[in-house]
Amino acid sequence: SFFPSCLLIEEERHVRANDRNYNDKFFYADNHIKTSKYNVFTFLPINLFEQFQRVANAYFLVLLILQLIPEISSLPWVTTTVPLVMVLVITAVKDATDDYFRYKSDQQVNNRQSQVLRGVLQNEKWMNVRVGDIIKLENNQFVAADILLLSSSEPYGLCYIETAELDGETNLKVRQALTVTSELGADILKLAEFNGEVICEAPNNKLDKFKGTLYWRGSKFPLDNEKMLLRGCVLRNTDWCFGMVIFAGLQTKLMQNCGRTTLKRTSIDKLMNTLVLWIFGFLVCMGVILAIGNTIWEQEVGRSFQVYLPWERPVSNNNAVFSGFLTFWSYIIILNTVVPISLYVSVEVIRLGHSYFINWDGKMYYGQKDTPAEARTTTLNEELGQVEFIFSDKTGTLTQNIMVFNKCSINGNTYGDVYDEFGHKVERTACVDFSFNPLSDRKFTFHDSSLVEAIKMEEPSVQEFFRLLALCHTVMSEEKNEGDLLYQAQSPDEGALVSAARNFGFVFRSRTPETITLYEMGTAVTYQLLAILDFNNVRKRMSVIVRNPAGQTKLYCKGADTIIFDRLDPSNEDLMDTTSEHLNEFAGEGLRTLALAYKVLDRDFFEEWMTRLLLASTVMENREQRLADLYEEIETGLLLLGATAVEDKLQEGVPETIACLTLANIKIWVLTGDKLETAMNIGYSCNMLRDDMNEVFIISGHTAAEVQQQLRSAREHILGLSRVSNTADEEKTEMFSNDSVFEETIIAEYALIVNGHSLAHALEPELEQVLLETACLCKTVICCRVTPMQKAQVVELVKTNKMAVTLAIGDGANDVSMIRTAHIGVGISGQEGMQAVLASDYSFAQFRYLQRLLLVHGRWSYFRMCNFLFYFFYKNFAFTLVHFWFGFFCGFSAQIGLDTYYWTAVNHLFVWGSLAVYFAILLAMQSDGLFSIFPSQFPYIGTARSCLAQWSVWLVILLTTAVCVLPGMAVRFLKTDLYPTLTDKVRRLQKASRKQGPREQNLRRVRRTSSRRSGYAFSHQQGYGELITSGKNMKHTMHDDPVRALCKQVRDGLAPTSEERAPF
């Protein structure tokens, strides 16, 4: 077609090795990346266009244009130009600086060197690498693009990578090439002749998934994520490897994940935008009022001044309405300072300062890991002071996530506790001596010696138990010195279990893609690894299929007890009941549990099942579902071995932090993947659950109807008791019945615990509202056995239906979804990598720092921002309304009441003077200690979003305005009565005479005394006074002499009074 295919939606990718001509037909992206937005020529137009997208900047640009019209402008254009240019320049410099650093980073990456195979190896810049090229990587080098691993220096085509830049995890991961391509080795000639074609999925942002098929030599081979090296990874502990480029440049998974972060707006942002719109409307209203005043004044009074202040065109035709129209725009210019041009810039500067306060807070610095608190955003600081709901993970967030093998149950017997001869539990005992095992870990401690004795006596169930722990995992072993083993585990749980098996005599020594080598009580045993049925959050279990040296094929499985028990053989019912009791005991002590089981496989059945597995792994459509069905098929009829119990202790200060946050009326919900008993025990340890609570409701229904009934029963029970025991708070509840801040204040001591299978039903559209209403009536909510998606759904449910600010805190990859969903996301830099930190808005090392983040920094930021906005708007209104009131005294002539240089002086006085007073008085009165001592004494939560919705707020505004205006108006009107001027007296007499009307004169008849009259009155004829005053006998007309015209008006009674002439 005429248009390149890159403009179309790519559904499937075809890549042929060492064939650029073929690959160029598809117009795939090259490996050049560009994250910068501008260049030298496009910076000015694009940046100005982006800045004038903001309403405030566009508004002041319109004002500047109006000021250039002389008929309506009474201010010099400089008064608007200078602030606008300052704002534009500051923003442009910031944008240019940020973009320059992006440009430098792009150049640094694009100019990195890579070895590309073009007949021979030659150095090329990363930007010149193309899809289909074969490149060579060496140890400690970054991967240039998303490549398919072909061969490596390690046996079986293995290589090790570090994905810290990709997902934050620092532990090494293993990748393995296909056997057919690993045979290519480092032979340049064979690699140059390699012409395999890959058909795979289109570019996407899924870091942990890849589906594709390699077609070569008439055969096809399945490809998955374990065969891929993604851009941003680093090659470790591998001398070299070769790979074929599948995705390049902006189409790599790393760049696909570099999209813009969703903009999170605070309550103050929304309130501020609303206020600016109201203020703009208020400005228009003031302009209309003054324009109407000008029209009336010109019509009634202004005409008298046209003699010596004539109207200019086009108003010269005595059009008072048009004069008012021009006056409206003139007053819009004069009163424009009521809409603050520097508001948004000032707010961003304050937020930046608050972010630095968080970063510099020494009380949130964790010295053991050299980890300070970090504000990864500057836009949410004041929102921290508005948080009402906290959603917390348990493992690694409330607990330390440092796992220690503590207890176990094997074949119905428990191990871990030590008892004396009377059957009493002994708390302090000596550690077990593991000197019999030269490969044991000296840091490992265990106190029950009976387990070691069972190992030495070669009890089959005990040996099979630890054999399972040594085989069923994805741990990588690194042995730098003889017997010095270092395990690289994807989770602390796996590391703890493999270390336990190591110390009890079943040492995981090494692995290849096809074998696992153990040292069983000092004897090396190599197992053939046939399949790995990996763990995921839906399966909640992991299995391996191995063949021992005797040729027996076994499946070993470990996972959540509820999942494993559903797949046990019916003959295990008694053992399952006993193990369940042990699991409940372990969970009651707050331990993390797993159930272990195995199965002996028939060889013929396994071979047939394996054939179907290989076939399902090569299909492109619905591959995951087909594999899941096959896994489900083989993981049945299991034989139970026992269960493990791993200890994960609480972090320091967690109970105190939760208690303090609870006093601050913040609700804490715990969302964990652990079982019910473990979650409840941690709840009691954290003081979230207490014995003095009225009741703890457990929702454990298996159907939607059961869950609905349990939720409604709990809600009716709570509301029924509340009406009886908390009648004193009913009025408060009714008053704020529509506000989430107060609707639950009548409830204090109830808890709700929801199981994972019940939560799946409760989150359905028909029941989610019932779940929300019931949960919000409780002080504590704990959801257990939840998946990452369910965590996000719970957060979204509260976020969508409640007018409340939500915060999610976690430390692992399974917490990323809820961290991104909540209004505010907090990441704990813990043992599970850095994925949560990379997705968060704030991060620190310990849960206890959340108290200071919310109660100190959050509330201070909110308090300071509110005070700033109050003061900022007050400053602008106080200065602007002077010109509004002055309009009533100057004939609404749009004249300024203050010199323009005075404006700058006032602004500086307000800004610097207020800062001095603030730091001298208010800042000294703020204490972070007071917030922790009196956490509930902070009445500002919810005020930002509800202030414009409360009628009381508008009543206060109206009354305040009336109280402020009334004294001035009273003085103005009462002054004429109390202290009248001469003009006032004359006007009063004139007004009184008009009301009385004309009087009839009663003339008395008197005697004529003509002898006393002057003869002049009768003898003199009419004079020439009228002719003289008319000016007809003069050379200059009256119209040429304003003074004479004024005299005539005085004589005719048409002249304006002194007060009417005052403005001129």
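Glycine too: its Cβ is placed from the backbone N, Cα and C atoms.
The candidate list F466, F535, F697, F844 contains one residue that TrEMBL assigns to the ATP site with D393, K394, T395, E494, K558, R592, T672, G673, D674, R785, K791, N814, D815, namely F535.
Distance between Cα atoms for D393 (ATP binding site) and D815 (Mg(2+) binding site): 7 Å, as a whole number. In this view, N814 (ATP binding site) is surrounded by 21 other Cβ atoms within 10 Å of its Cβ, with every protein chain counted.
Ranked by Cβ pairs under 8 Å to the transmembrane segment (75-93), the stretches 275-297, 328-347, 868-889 are led by 328-347.
Spatial neighbours are here defined as Cα atoms within 10 angstroms of one another, and by that definition the neighbours of D811 (Mg(2+) binding site) among the binding-site residues T395, F535, R592, G673 are T395. For the domain 'P-type ATPase C-terminal' (837-895), the model gives a mean pLDDT of 85. Across the structure, T395 (ATP binding site) and D815 (Mg(2+) binding site) are spaced 10 Å apart at their Cα atoms. The secondary structure of R785 (ATP binding site), as reduced to three states from DSSP, is coil rather than helix or strand. Secondary structure at D815 (Mg(2+) binding site), as computed by DSSP, is helix.
Counting in whole angstrom, G673 (ATP binding site) lies 11 from D815 (Mg(2+) binding site) by their C-alpha atoms. Of all Cβ atoms in the protein chains displayed, 23 besides its own lie within 10 Å of the Cβ of R785 (ATP binding site).
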